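Colleague: Pasting a structure below so you can have a look.
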Amino acid sequence: SVPPPVYGCHTPTDSCTGSQALLLRTPYNSDNLYQMTSQLECMTWNQMNLGATLKGHTTGYENDNHTTPILCGAQYRIHTHGVFRGIQDVRRVPGVAPTIVRSATETNEKRPFMCAYPGCNKRYFKLSHLQMHSRKHTGEKPYQCDFKDCERRFSRSDQLKRHQRRHTGVKPFQCKTCQRKFSRSDHLKTHTRTHTGKTSEKPFSCRWPSCQKKFARSDELVRHHNMHQRNMTKLQLTL
């Protein structure tokens with residue numbers, strides 16, 4: 001859940017959403033800041049202009065000697081432009097306190113964007129990766145094949161491109177040893193092992209806790225991981 005705005009300008013009410021009230025000050029450490037930004041993006045799915053909210057509350061900060069606001073100034077937007085290493089959704093503004101910038105820069109957190117879907121705590125380095133992942137939960141498939149009589153839809157643009165090669169016959173991945181061509185890079189990698197003698201090689205390992213399965217192809221690992229995720233979701237729903 002979104003961290004409580006105990007150091008915010010005001011307490012959330014029916015007329016003021018929690019995201020608007022999360023105008024945090026320095027008592028929040030860098031870990032809280034990472035959580036706050038990732039949750040805001042995950043819950044709103046769009047850019048937020050909080051300038052109007054800030055205008056009504058920054059005037060009282062000048063006389064506050066105990067804490068300095070992390071975000072101060074008349075306007076800012078939460079969107080994809082990093083100011084802290086690993087954070088992609090806070091715009092660089094003059095009012096960011098230098099001590100907070102250093103604290104966040106020194107953190108070891110590499111994946112600040114966490115999925116808020118119940119039972120799923122997957123994290124991503126980029127907001128766009130989180131948005132792609134979220135479509136697995138929502139079932140959204142915005143990319144549609146425009147070939148005649150097909151109309152198949154996909155959640156990711158690269159999936160659509162890979163699918164369309166079935167229609168066009170394009171095989172852009174060529175083996176350097178025998179010049180055989182493939183429509184997918186992972187199929188080429190699997191084929192290449194027939195030349196190197198490493199046909200039993202399985203370089204893709206499952207990172208799910210207590211699972212040590214390995215696979216020869218990345219798409220096999222993806223299907224296997226999705227199985228874990230479905231089982232986890234079912235378990236959460238029964239609790």
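Backbone N, Cα and C atoms are what each Cβ position is placed from, and that goes for glycine too.
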Colleague: Taking 34-42, 43-51, 79-87, 88-96 as the choices, which stretch does Swiss-Prot tie to motif '9aaTAD'?
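Modeller: Residues 43-51 are the ones Swiss-Prot records as motif '9aaTAD'.
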Colleague: Under Swiss-Prot, the annotation region 'Important for interaction with target DNA' belongs to which of these stretches: 183-191, 192-200?
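Modeller: In Swiss-Prot, the region 'Important for interaction with target DNA' feature sits at 183-191.
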Colleague: Taking just the CA atoms, what is the gap between Lys214 (site 'Important for interaction with target DNA') and Lys234 (SUMO2 cross-link) in Å?
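Modeller: Answer for this pair: 24 Å between alpha carbons.
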Colleague: Counting all other Cβ atoms within 10 Å across every protein chain shown, which of the recorded positions Lys214, Lys234 scores highest?
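Modeller: By the 10 Å Cβ neighbour count, Lys214 comes out on top.
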Colleague: When you measure from the Cβ of Glu220 (site 'Important for interaction with target DNA'), which residues in the chain that are at least 6 apart have a Cβ under 8 Å away?
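Modeller: Result: Phe204.
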Colleague: Counting only residues 6 or more past its boundaries, what in the same chain has a CB within less than 8 Å of a CB in the region 'Important for interaction with target DNA' (183-191)?
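Modeller: Residues 162, 165-166, 170-175, 216-219 contact the region 'Important for interaction with target DNA' (183-191) from elsewhere in the chain.
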Colleague: By DSSP assignment, list the helix, strand and coil residue numbers for the zinc finger (204-228), in that order.
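Modeller: Helix/strand/coil tally for the zinc finger (204-228): 11 helix, 4 strand, 10 coil.
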Colleague: On the DSSP side of things, how many residues of the zinc finger (113-137) fall into helix, strand and coil, could you say?
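Modeller: The composition, in the requested order, is 11 helix, 4 strand, 10 coil.
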